[in-house]
Each structure stands twice: as structure tokens, then as C-alpha cells.
Amino acid sequence: MLTEKRTWEILGDHFSKKGFVSHQVDSFNEFIQNGISRIIAEESAIYIESDDPKNFINYTVTFDDVFIPSPTVIEESREMRDLFPSEARTRDLTYDSPIYVTVTETTKTTDSVEVNKHTRILLGRIPLMLRSNLCHLSSCTKNERITHGECEYDEGGYFIIKGKERVLIAQLRNTYNIPLVLDQKPGSKYKFVCDIRSMSEETGHSVLVQANFSTDERILNFSLPYIKEPIPIGVVFKALGYSSEEIKMLIGLNCEMAEKYIKLIINDSFFVEENNGIELFEEDLKEEFPDKFEDTDMTANLVEMWEDLSEQEKISYNKKATQRRALKYIGSFAKNPQKENEKHLYAEQVVNNEIFPHMGVTSSTKEKALLLGHMIHKLLATIIGIRMPDDRDNYINKRVDSPGMLCHELFRQLYKKYINSIFQQLEKKKQFPDVMSLIPRMTDITKGFIQCFSKGNWGVPKASYVKPGVAQILSRLSFGATLSSLRRVAIPKAKESKNAAIRQINPSQIMFICPVETPEGQPVGVVLNLSLLTHISNRIPTVLLKETVEMCEHIINIDDYDITLELTKVFINGILVGLTEDAYCLLDELKEFRNIKMIPWCVSLSYDDIDDEIHICSDDGRLLRPVFNVKDNNLCITEEDGVDWDNLVEKGLVTYIDNMEANNAVIAFKQNELKNYHNDFCEIAPAMMLGVMANIIPFPDHSQSPRNTYQAAMGKQAMSMFALSHLIRTDTVVHILNAPQKPLVGTKAGELMGFHDMPSGNNAIVAIACYTGFNQEDSVILNHSAVQRGLFWATTYKTHASIENKDGYISEKIGNPPLKYRKNDANYGLLDENGIIKTRHPTWIDQDGKEQGGGAIYVQKGDVIIGKMLIQNDKDGVENITDISEIIKKGDEGYIDKVYYSITPNGYQLVKITISKVRIPEVGDKFASRAAQKGTVGMVYKQEDMPWTQEGVVPDIIINPHAIPSRMTINQLMESVLGKSCAIEGTFGDSTPFTESSVPNEEGKSIAEQICERLGMNGYQGNGNETLYNGMTGEPMGEFFIGPVYYQRLKHLVSDKIHARDTGPVTTLTRQPLEGRSREGGLRFGEMERDCMIAHGNSKFLQERLFEQSDKYEVTVCQQCGNFTSSKNSCDFCETDEVSRVKLPYVSKLVLQELNAMLIKTKINVK
């Protein structure tokens, strides 16, 4: 048995070596090291041939020898140097690497062959993931990373595109190459469908093959690619050259219940049976003896020659005739109509090459027939109830496209587009082709990647399926938000889906996907997070595994397999590679190979006894997690084996399993459960089922599950120390908690992730009481004196950036605008001679000789921080200047923190100004505990007005008692009691779920009883209560629950949301106030508000809101014709001076004029 301490030491070693974003970095490394060169090698060469017989040219272009260096930047002076991520962020550059290839031109003419090789030719540039192998930071020590402007807790796993940090969200998809039998909706044409999405490893080409069972139970057919109508199952088998008896053997379901369906399959194919093999025999003879068939005697003797054949030869010819007729029948439903004599050739191409491309072009007809038979076996077994229909939402049938895989597919699409563009250009110059003149102008790859990262939509438009929202801006709200973004998984295009099943927790998610962390609202259950130990597999080529499997003693080769025998099928990534008579012996043999590293650690091995098949999975996108190996119901690992993770994996004491292997294994949740069953594995730590944010909740196993979900979301919004390098960063908007504290009560996982060093809250003394009524309805009362001492103070940093630009006759320039062009309501007095705001006020020496001034500059609404001009040159060369300076708006006030100035590689000026603003807690700000007890500040009392204990302890926060019963956040009460003991003892408390610190002890005492007992031993009431005295009267108030609780200040600040307006800007068209706080807009007075006023009879107030304070307007109306007049004194139409001045909303005047424009006459009756 391992002690709990040793288990967490092992996990500590794992995370120190692997980190928390290794699935991102590893997949991208695989793409860079192998993926790019593999795609280029698999894509066919460019081949051009002139059609001029006099000047024949055969021109071939190939790309190979891929070389990708680390990121560099070329300055305006043409100097090249290494580019580090910190500089890329600050200078708004893209952190990318060039892809160089060797281009080989082969030109063949009628007289000669010329070969030209061009080395290190730029193919394009590709964004590089931070901390990947080619990143400069990957070889740096922790101190070197700090020197280069990085946070020591930043693990990378994201990209920098034009200075903005972007992360690729892993995408969940259905698996390929595995047949699934799915139950169809009521009312559908089919009752069950067995489908397989076959995807080629080499080319990425995929097709869908379906076996269908109709609702009326009379039809069984196949839906094949490039064939527009379903084909009877028996016909497809006969097109592959198999007889009715052989079809029964290929399906291999020998039971009475399945017999009627097998008969149905055979009967449906009788119409293609052909016993007239003599025609094929005649064709063979004509090919062999073409001259002799001109003789009529040879034709006359044909029947005699046929009769001379053996019975076996006749059967063979009849079988071939049946096959041709079946192919002809399939070909008659071709999507592209075929000639009568070519239908069987078209069908032959489909059956031999288009069905199951994942099996490769060298796969035999027998392999395809066995897989088709396997599909029908599964379908019939489901129909007769031997097996349950497959669950599409089961994670056995899911794969996750990690960033490396997403980049791999995008590069494949862009490279095909690149090659196609070059081909089309060369086609225009067949007589004088020159690829080297085209390559420098081809930017498909570079622009394609930048566009996908910038817009977030992944894929090449019009060429493939585009996935929305894949590339997202990396959240820097808090350290937890950053880490959570890097471990996120999304189901594409599912947010609008009404299918509840995809949103619900599937039992197969356990230990792979966090059951807690998912957003509220529309994305619930669609945006997910990986559990802490979950890894995403990279691809191991099937060919390598196949060689190892063929070495096994118990494997039978497909070519040697007799289809009359029912044996266990062996699949590698859905490809049938062999069969076996003893599944368990073969499985043990394969596991032994994995233990001795003949099979890589990330390959899963499992036996499905229901479908009688062994699956060996090495494809990419499988979710993997490590478990302890168990032998004879005892852990293989002991205390003596140490804590070195790599050593434990090497020894086979720790095994990585995927969902398929986990589904067919018995896994103990804890070590004390090992004796209950025959176990194959044991979980390392049950707490590892949770994700990043759920693992920092104290005692989450003692709280209501929705509360854990709420805290997982709010924890990401907490102000914190998001990065230790924040002082040299230029993020758009960030909130930094000035004095964050390590929690008194925390989890082991939170410590391993770095949350104790990058905290996001303060330990506050919290009382649960009703006091003065200002903490009702989830509001809280704050201690003003504690706030004055710095409790929950934060600083907001906002960066304003401006860059010069030039586009033809229009250019932008940073500098002081000339006086005559400046805006009247702006203050330009704080700018220096370069048009950039000064960082500090000037200093001077006073009469005593002391230096004065020099303080930080405070900017407010109307102050110009960057002077900038838009210069337009007309055709005559005259300059038109417009002032487009960066001016501080309302709400952006603060002190100038830092000014960054740079010249871009294109030679333009770039200026960034960071403004800091201290945010002191005030009424209306939002706070929350880690138990998701959220609330806004209802009142701030001075310390002398707050209640106090007999020891003089004054609570920092008072929350309402009604917050506890319905929400059942027992974990907050436990945290408070344990935190009180820790404060007294000078220690830190452990609140890790499912551990000794969270479950009953050997005596049967619950953890709550243990915590209370511990507090009682420290001289306090065990239940956490203390007598409080009224701060205003001094009277005892009775016993109240009080203790330290870790509270978070959330980003929702009342000063950022408060909005009021008396007068302000209006829209030009309607003259009504603008909308929105940022534009100083009005507050909407809608229909429901109007109805309330009518119900209360407030007609004058209604008139003021909707007329006086909105768009009051006065017009002149003719009393005779009722039209608006252009003159104030008379009506030109009626030629009368009988006019009246009428007040009405401007928008109503606008509506009347628009109706007139539509030839609808309106008349205003004036009384």
C-alpha cells in the first residue's frame, strides 16, 4: 500500500516534469517535427507537360528537405536577430517561424534532361507555440525565462499573433474507422444504422459507409460512396466475389434469431445470380486465341469446350459472371451516369478503392469483405438484442483534435491550395515554366494561418468545413483563467443544439473530463475542461504496430484465415490485421510487449468480449490517463520504488489507458477497494477527476454540485496575480490584486498548480449574521477600516496603443498636430515634443533647495495621451490633415504607469501607454467565497460600528444566514472552522477532496466532526460560534458563526458599470439619445416601463421621459391641408397664413415624412 503522502509526491514529480499543458505542446511538437514533412512528402509533385509536339517539355517540381528554424525578426535595417515572446507581445509582432524547403525542378525535353535544386526556399511562415521545441524559451532555465520577461509559472501552450496571445481550443469529434450501430429516431426510414467513417491516415480522404435496417424489418442494405441508391447487402458481397454460402460465413452469426435476417440478405441478392459462365469463358478464349476465333468451327466447338471443363472451373466462371452482374447493378446507380459497357468498371473502382480508404490501397478484397461482414454481424446482433446500440456520446467513440492536429489539418488544406495555385500559374506558361519566379509571390500558407488565428474560424473557406471559435484570445483575467483556457475542450457547432444528451455528463467522462467545470447558459455541457491527469495522444503509425503484432504467437494472418471458422478479430485503429483463437493469451502477450517497450506506452490494448474483438489503438486524439498497475489485487508499486515518474512508467508500474481500455477493465477508485473485486488497475488519486478550477475549491465533495460549477466560473473572474511579469506586459485591460494571500485552507492540487504562489483572494474574517439589514438578498457588509488597511485593494492597468500606417495617398503620423487642426475640447498640454504623453511632471528646486514635483501624471477625460494625424494627399500634392489623437474617455482616468515606444520592422512608430488606476472596494462591488457564495457590497461600516468578539476580533465581512440553508455550501462552514484552527496553530489546512482530510476516519467520525473536535481542543466552541457584541450599542447579540474564509474580489466593479446621463450626444437621423454606456448614451425607457407609468397614472412623468427629455421638436403645420410648411408664417401650397406651431417627437415627424415619400398622404389636424 502507498501512503497518501507518497502518492501526492509522485503526482508532484509528474506535474513538475510534464506540466499542465503538455498535451498542447506535445501535439504541436509532433506537427512541427513530423507532420509538415509528412504532408509535403505525401502530396504529389507538380507535373506540367506542353502540348506542342515541336517544342516538347515535361516539367516536374518537387518539394522536400523541410527545415524550420526558431523565430527571428528582420528589422528595418535588415538586421536579423532572435525574437522572444515578450518582444513579440510588446511590439505587436507575430511569433512565427519560416518553413524552408528544397525545390527540385526537372525539365525534360526531346534532347535533354535538366535538374535544378534550390535549397532553403521559403514556403511560408507558421505561428509557433510558446515552449514548444523550436521556441527560444524551451531551452531556457527558469531564471533565464524571467530575464526574458516571462512569468516563471507560464507553461506556454499558446501563440502570439500580432502581439495578442491566442489559444487553440481542442475540438471534440466522432472517431474514425470504428463501426457504430446507432438507434434511429422514431418515424425514421431505418430502425438501426451501422455506420463507419473511414479516414485514410496518409491522405486524409474520408468516406461514410452505412449498413441500414429498415423500420418495417424487410430491408437490409448498404449505402456506398459515389452510389446514389442503397444497395442490397448480398449484392455488395457478390460484387466482391463471394457466394451465398460464403456470405453466411463472413457474417458469422450462427443463431436461430439471426437466421431470418441472413436469409433476407441472401434472398435479396438472388436476382444477380448468374449461371451462364460460358460467356466469360468465351471472352477468356478470345483473349488467349484471338486469331482462331475468326474460324467458325472454333465458335461451334465452344459448347463442347465448356462441357469439357471440370465442375470446379464451371463454378468459378459462374461466380465471376455473378460478380460482374452485381457490379453492373451497382454501377447503374452511379452518381455520374456511365455507359452500359462501363458500369461494371465504375462499380469495381468504387468497391475496390473507395470503400474503406483507411485500410490502404494494398488491402485485399478478403479484408474488405471481412470488415463488411463484421459491420453486418454488429448490426444483426443489435437487432436481435445480443448487444445494445452504441452510444454516440460515449467517449470511447470520441476523439479530441488537439492544437497540433488542428494545425496539421489546416496546413494540409493550405498546402494543397498552395500547390494548386502554382500549378494553375505554370499551366499558363507551359512553354517556359519557371516555378522560382512564382514562389516568392505565393503567400497562401502564411496568410491562411494568420487569418484563421485572427478570426478564430478554422479551415480554408470554400475548400473545406470551417470550424468556428477554434482560435480564441487567451484569457488573462486570472492565473486560473489562463490555465483553464489551455485545458479546454469544445464540441463544435453544438451551442445552438437542442440535443440534451450531448450536454449531459456521460459515465465514460469519469477521470477524463472534469464533471464540474462548464459555463452556465447556452454553452453548458458543450464547453468542457480536461481532468488534471488527462493527456491527448499523438499518432503512432499503424504500420509500425502491425509489424509488432505479426510477431505474436497467437495471431493468424488474414491470408491464412479460413472463413468457415469463427475467430476473434484483431483491429489496429479500425484496420483488420489478423484473427486469433485465444483472445486472452494474445492480449497478455501484447501487454507484455507494452511493458518491455516493444509497443509504445500511449498505445491502448483492450478486448471487447461482447463483440469478440481486440482493439489496439494508436491514433491521435484519444484521451489518456495514468493509473497504477494491479497484480493479484495488490498494487505493483511500493514505497521503495521512489517518486520518479518517468522511472515508474519505465518499470510498468504506471500505465496510461484510454476510454476503450478503461471500459473493459476493473479499476479500483481507492486503494482500500482493491480487495473487493478482481481489479486490473487502481486510480492514482480520486481528486484527479476534477479539472483546474474545480481542484482549488475547498472540500468540493461536501458541497452541492451546481455551487461547484458556479465557483469554477467565478474563480476565473477573480482579481489575482495573473502573471509575475505583469509590470513589463502591455495587456489591454488587467486587474491585479494588490496584496493577495495564500489561502489558510487549500488543496494539494491547488498547491501543485501554483495557486498558492499566484493567489486570487484574501483570508477575511467572516461572520454569518443579520446586522442592520444592509446584508440582505446576497449583499455583504464590509469593514471600512479593513478596507483602509488595504483589504481587497486592486489596480487596473489599461493599455492604449497607436501605430502609424500608410496606404497609398493616406498616411497616419504620430506627433503633435498643428494648432489649427487640434480639437477644441481636448487638452494637448501633457504631450512632449514627439507627441507622446510625459511619464512624470517636471521637477523644480524650491527655496530650501529641495527637489519638488516629479509626481506621476494623472490623466482624465479630454486629455490627449498620443498625438496623431491623418494626412491625405490629393492629386495636386496638397495635404489635408485630420487630428485623430488618442484621447482619454470617461472611465479611463488614471496615472501614467509606463510608456513604450518602438519602431516596427516596416519602419512605422508604435506607441503604447499603460494607465493604472487603484480600485478600492465600494458599495456595489462583487465578492465571492470559493464555495460560490457570491454577493455585492451592501454597506461599508467603520470598525467601531461593526460587531466584535470578546477577544476584540472584528469581522471583515458579514454575510446573511439565509445564504447557507438552501445552497447547502457545507464546505464553506468546514473551511471556516478549519481555518480558525489553522490561524491559532500557525499551520495551513488541507481540503483536498476524497482524501484522508475529507472522508470519515477509522473510528467512523466524519470530517466535519474531526474539524470541530480540533477547534474545541484549541479552546473555542467546536461549532465555530462566538458571542458577538453590537458595535453601535455595545450589547451582546448572542452567538454567531465566525471564522476566516478565503474571499475573492471579482472583476465586476460598480464603477465600470454605473451609468447616468442628463444631456449628451444624439443620433443624427432620429435626434434621440445614443445607446450604450461607452458612448454616453441614454437609458432605454421601453414598452414595459411605459406600461408601468400608464398603470400608475403618471402622465406628466411619461411625457417628460418620452418627449421632453428625448427628442422634443417644434414644426409649423398648415391648418387647412395639415402638411408641414417650410415657412414659419405661411403655407406655400394653400397660399394661406393660417399656420400653427406644433410640438411633437422628432421621430414622429420623421415617420410622417417617410410615409409621404412612399406616396401615403398624412394629415395633421390642428385644434
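Cβ coordinates come from backbone N, Cα and C, glycine included.
Per TrEMBL, the feature domain 'RNA polymerase beta subunit protrusion' maps to 20-434.
The annotation domain 'RNA polymerase Rpb2' is assigned in TrEMBL to 197-249 (among others). Taken together, the residues of the domain 'RNA polymerase Rpb2' (197-249) have an average pLDDT of 90.
The annotation domain 'RNA polymerase Rpb2' is assigned in TrEMBL to 310-401 (among others).
What TrEMBL lists as domain 'RNA polymerase Rpb2' is 472-536 (among others).
If you look up TrEMBL, you'll see 570-631 (among others) marked as domain 'RNA polymerase Rpb2'.
Summarising the annotation, TrEMBL assigns domain 'DNA-directed RNA polymerase subunit 2 hybrid-binding' to 693-1079.
Annotation source TrEMBL lists domain 'RNA polymerase Rpb2' at 1081-1165 (among others). Assigned with DSSP, the residues of the domain 'RNA polymerase Rpb2' (1081-1165) fall into helix, strand and coil as follows: 32 helix, 18 strand, 35 coil.
Secondary structure by DSSP for the domain 'RNA polymerase Rpb2' (472-536): 11 helix, 12 strand, 42 coil. Counting C-beta pairs under 8 angstroms (sequence separation of 6 or more), the domain 'RNA polymerase Rpb2' (310-401) fails to reach the domain 'DNA-directed RNA polymerase subunit 2 hybrid-binding' (693-1079), with fewer than 3 such pairs. Highest Cβ contact count with the domain 'RNA polymerase Rpb2' (570-631) among the listed stretches 20-434, 472-536, 693-1079 falls to 20-434 (criterion: pairs under 8 Å).
Note: the domain 'RNA polymerase Rpb2' (570-631) comprises 13 helix, 28 strand, 21 coil (DSSP; helix = H, G, I, strand = E, B). DSSP labels the residues of the domain 'RNA polymerase Rpb2' (197-249) in these numbers: 13 helix, 19 strand, 21 coil.
Residue counts for the domain 'RNA polymerase Rpb2' (310-401) under DSSP, helix first, then strand, then coil, are 61 helix, 5 strand, 26 coil.
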